[in-house]
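Enquirer: Input: one structure, supplied below.
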Amino acid sequence: MTAVARSSLRSTLEPKSFGRVAVLFGGKSAEREVSLNSGNAVLKALLDAGVDAFGIDVGDDFLQRLVSEKIDRAFIVLHGRGGEDGTMQGLLECLEIPYTGSGVLASALAMDKLRTKQVWQSLGPATPLHAVLENENDCICAATELGFPLIVKPAHEGSSIGMAKVNSVDELIAAWKAASTYDSQVLVEQWIQGPEFTVASLRGQVLPPIGLGTPHSFYDYDAKYLASDTQYRIPCGLDDAQEQQLKQLAARACDAIGIAGWARTDVMQDAEGKFWLLEVNTVPGMTDHSLVPMAARAAGLNFQQLVLAILADSVQARG
């Protein structure tokens with residue numbers, strides 16, 4: 001990344017120009033604990049930078065606080081349902097409070113893995129073949145059509161919650177039942193064997209991709225947040241041409257969904273070198289294990305600069 005590109009990522013706004021900033025975190029989704037960690041890290045960075053910021057753990061009384069507190073803008077650090085799926089974005093639109101990240105439509109689309117895949121399939125970017133599971137017969141049909149191994153996913157969860165790799169019909173049925181406890185809609189996808197990459201985007205630019213390695217069967221919740229043996233490769237290990245191809249694919253994936261502000265795109269590469277899109281995260285993690293801060297460091301931004309850049313985009317996008 002050039003020096004000019006790095007400088008364009010940084011916010012040039014004075015901290016006080018942001019006004020009073022509410023950091024929204026916590027919530028009631030299955031990703032609450034991750035959101036609490038992310039939100040507290042973001043809040044500390046804003047306060048250390050001199051921003052007039054305060055935190056709201058989004059619970060039963062948060063709407064009253066949003067209405068009663070004088071809030072100039074909101075920094076959304078809610079992961080999963082209720083915060084990353086367009087509902088909070090829609091509420092803030094109604095209250096005329098500018099906020100960070102993508103808007104209502106892009107947030108709702110990206111949170112719905114099935115709809116995201118359908119958009120990508122219509123526009124060309126490759127994404128693994130899949131099926132929707134509603135009963136045991138669907139599991140049997142999916143096994144016949146897609147073969148094994150497969151990966152099972154709740155359609156509206158993040159952080160790999162409820163996901164499982166399966167190698168038989170019995171395992172598939174068990175994984176579908178487990179995933180159904182998180183979501184009424186469950187997807188099963190062809191397993192792509194090969195290295196995994198994640199590509200962060202910030203203010204319209206693609207950050208250095210990260211190669212991921214784990215001794216787990218895939219990059220699951222433990223590997224993301226708890227394990228000490230997860231490997232992160234920056235540079236990502238691809239040659240220049242492949243890395244450029246990966247970055248262009250991530251940019252196309254985000255453009256197709258209508259992503260704004262910041263995001264993170266997850267991609268697999270198969271044995272033939274072909275890239276496959278998995279999903280886009282519109283409110284990625286901001287913990288000490290998180291990937292966007294890691295990519296930002298590789299681009300020359302420390303955590304505080306990253307947080308200010310995300311917040312600055314809310315000014316440009318929504319006033």
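Just so you know, glycine gets a Cβ as well, placed from its N, Cα and C.
These came from Swiss-Prot, pasted as-is:
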- 117-312: domain 'ATP-grasp' (DOMAIN)
- 143-198: ATP binding site (BINDING)
- Asp266, Glu279: Mg(2+) 1 binding site (BINDING)
- Glu279, Asn281: Mg(2+) 2 binding site (BINDING)
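How about a rundown of where these features are and what they're close to?
Expert: Within the same chain, the residues at least 6 positions away from Ala178 (ATP binding site) whose Cβ sits under 8 Å from its Cβ are Val152, Gly162, Ala164, listed in sequence order. DSSP assigns Ala178 (ATP binding site) to a helical segment in the three-state reduction.
Secondary structure at Glu279 (Mg(2+) 1 binding site), taken from DSSP and collapsed to helix, strand or coil, is strand.
Here the Cβ of Glu279 (Mg(2+) 1 binding site) has 19 other Cβ atoms within 10 Å, regardless of which shown protein chain they belong to.
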Enquirer: Where does Glu171 (ATP binding site) sit by DSSP, helix, strand or coil?
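Expert: Where Glu171 (ATP binding site) sits, the three-state DSSP reduction gives helix.
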Enquirer: Cα distance, Glu157 (ATP binding site) to Glu279 (Mg(2+) 1 binding site), nearest Å?
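Expert: Their Cα atoms are separated by 11 Å.
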Enquirer: Relative to the Cβ position of Asp266 (Mg(2+) 1 binding site), how many further Cβ atoms are located within 10 Å?
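Expert: Asp266 (Mg(2+) 1 binding site): 20 neighbouring Cβ atoms within 10 Å.
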Enquirer: Helix, strand or coil at Asp266 (Mg(2+) 1 binding site), per DSSP?
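Expert: Note: Asp266 (Mg(2+) 1 binding site) is in a strand by DSSP.
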